[in-house]
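**Student:** Below: one structure in structure tokens.
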Amino acid sequence: MTLFDASVFGSPFHPSPSDRTVVCPTCKKEFKPDSSEALPFCSERCRTIDLGRWLGEEHGLPSVPDPEADETPEGFGDDP
């Protein structure tokens, strides 16, 4: 049996791709993936809103502070 076997997709645990719905990460609307060209978003508008949030730094990736990065390099800021 393969992943794309009709008997697998026909079961309640593995809905067929056409029955599947996803949730837009921006507006939380449920939609069918084949109805959107802006995946994982439901529309181009939601995609643009998400891009604006990244560019405006509302979204970001977590990072671990580097203790050495807080130190001022030797000679930095000294008057010539």
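Note that Cβ sites are derived from N, Cα and C of the backbone, with glycine treated the same way.
Please treat TrEMBL annotations as automatic predictions, because they have not gone through curation.
So TrEMBL says this about it:
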BINDING   Cys24, Cys27, Cys42, Cys46  Zn(2+) binding site
COMPBIAS  67-80  compositional bias 'Acidic residues'
REGION    57-80  region 'Disordered'
**Student:** At a 10 Å cut-off from the C-beta of Cys27 (Zn(2+) binding site), count the other C-beta atoms across all protein chains.
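**Tutor:** That number is 14.
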**Student:** Within 10 angstroms of the C-beta of Cys46 (Zn(2+) binding site), what count of other C-beta atoms is obtained when all protein chains are considered?
**Tutor:** 19
**Student:** Identify all same-chain residues not among Cys24, Cys27, Cys42, Cys46 whose C-beta atom falls within 8 angstroms of the centroid of the Zn(2+) site's C-beta atoms; report them in sequence order.
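**Tutor:** Close Cβ neighbours, site residues excluded: Pro25, Thr26, Lys28, Lys29, Phe31, Phe41, Ser43, Arg45.
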**Student:** Near Cys24 (Zn(2+) binding site), how many other Cβ atoms are within 10 Å of its Cβ?
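**Tutor:** Around Cys24 (Zn(2+) binding site), other Cβ atoms within 10 Å: 19.
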**Student:** Check Cys42 (Zn(2+) binding site) against DSSP and tell me helix, strand or coil, would you?
**Tutor:** coil
**Student:** Give the sequence-ordered list of residues that share a chain with Cys42 (Zn(2+) binding site), lie 6 or more positions from it, and have CB atoms under 8 Å from its CB.
**Tutor:** Cys24, Thr26, Cys27, Lys29, Phe31, Ser36
